[in-house]
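Engineer: Residues or ranges marked as domain 'ATP phosphoribosyltransferase catalytic' in TrEMBL: 58-221. TrEMBL lists 228-298 with the feature domain 'Histidine biosynthesis HisG C-terminal'.
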Amino acid sequence: MSPTVETRDRLRIAIQKSGRLADPARALLASCGLSWRESRDRLFCYGEALPIDLLLVRDDDIPGLIADGVCDLGVVGRNVLREQDFERRRSGTPTAFRELRPLGFGACRLALAVPDDWTWTGPTQLEGRRIATTYPALLRDWLAGEGIQADVVTLSGSVEIAPRLGQADLICDLVSSGVTLAANQLKPVATLLESEAVLAGPASEFEGERAALAEMLLRRLDGALRTRHSKLLLFQAERSSIAQLLPLLPDADAPTVLQVDGADRLALQALCHGHLTWQRLEDLKRAGAQGLMVLPVESMLA
Ligand SMILES: Nc1ncnc2c1ncn2[C@@H]1O[C@H](COP(=O)(O)OP(=O)(O)OP(=O)(O)O)[C@@H](O)[C@H]1O
Ligand SMILES: O=P(O)(O)OC[C@H]1O[C@H](OP(=O)(O)OP(=O)(O)O)[C@H](O)[C@@H]1O
Ligand SMILES: [Mg+2]
């Protein structure tokens, strides 16, 4: 098989080489049944179990690699994807990628943060101010929506120090725990974007072999995401307790109910998608559940 044909028939996914999203992205894809033979330079991993290869790159490059057709899919923060999408729109370049699935890790938010001693009265306070950020397109879009004219100072990192250095009056940066802001005497005042890692793909549909591969991967991914926090709950109960028990399982798919020992004794199994805390199990027991058992779910295919 010539390299060109091979490239066209195989699916290529870009993930971060190193950094926050690298390990969870690999773990998630591995949970979908993918495995790879690592190349020595670790920039390209050849898919073994399936014709799905990995390209290990800087996260900022992922949307462009998809736009250029070098990669078919990518795992990247929504913040990066949206920023580059807005930037392309601003410069009149057609939208070339889109978010296909939120992936449930890498949660953070893009927030405006002001010095601790500011009394925040609202966005109008930003008129004429200098705002340091690594997300100029998202910030400009938000400012335009608020009808504010401000000076956007684009930096490539260490944004939190900018107010102290006199480069800006306030900042717009990613916040997770808030520790970095606090350490720099800043406080968050507005959220521009809630972010997490997402699976990104091209704006247009796949064709041929890659369409079938992408469809299979998405199906497996949906199963993996759905089972990630799911548990199978097994218990028995009298028929008369069911009305008290079901409201304690609002996150469960419709439970399977089997009859045991005559008409009144039932065995139930419910797939729960929320946390089955000890408190909840105790509440279920009080409501009449007996022989409660919680089992992990390995995989699921709808
Ligand atoms: N403090 C945080 N907590 C949780 N998620 C975060 C945090 N900071 C960033 N992220 C998310 O993780 C993504 C990757 O962050 P990371 O710091 O690894 O990127 P990077 O330094 O730009 O890496 P690269 O070397 O690939 O360019 C961010 O784009 C964002 O979606
Ligand atoms: O709210 P926190 O939990 O403190 O996280 C927020 C910090 O995390 C990210 O930086 P990172 O640690 O990746 O450093 P970098 O920006 O220099 O890459 C982000 O740019 C913030 O500075
Ligand atoms: Mg980066």
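Quick reminder: no glycine exception, Cβ is built from N, Cα and C everywhere.
Here the structure is a predicted model, which means the values were calculated and not measured.
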Engineer: As a test of reading the model: what is the averaged pLDDT for the domain 'ATP phosphoribosyltransferase catalytic' (58-221)?
Structural biologist: 97
Engineer: Report the DSSP secondary-structure composition of the domain 'Histidine biosynthesis HisG C-terminal' (228-298) as helix, strand and coil residue counts.
Structural biologist: 19 helix, 29 strand, 23 coil
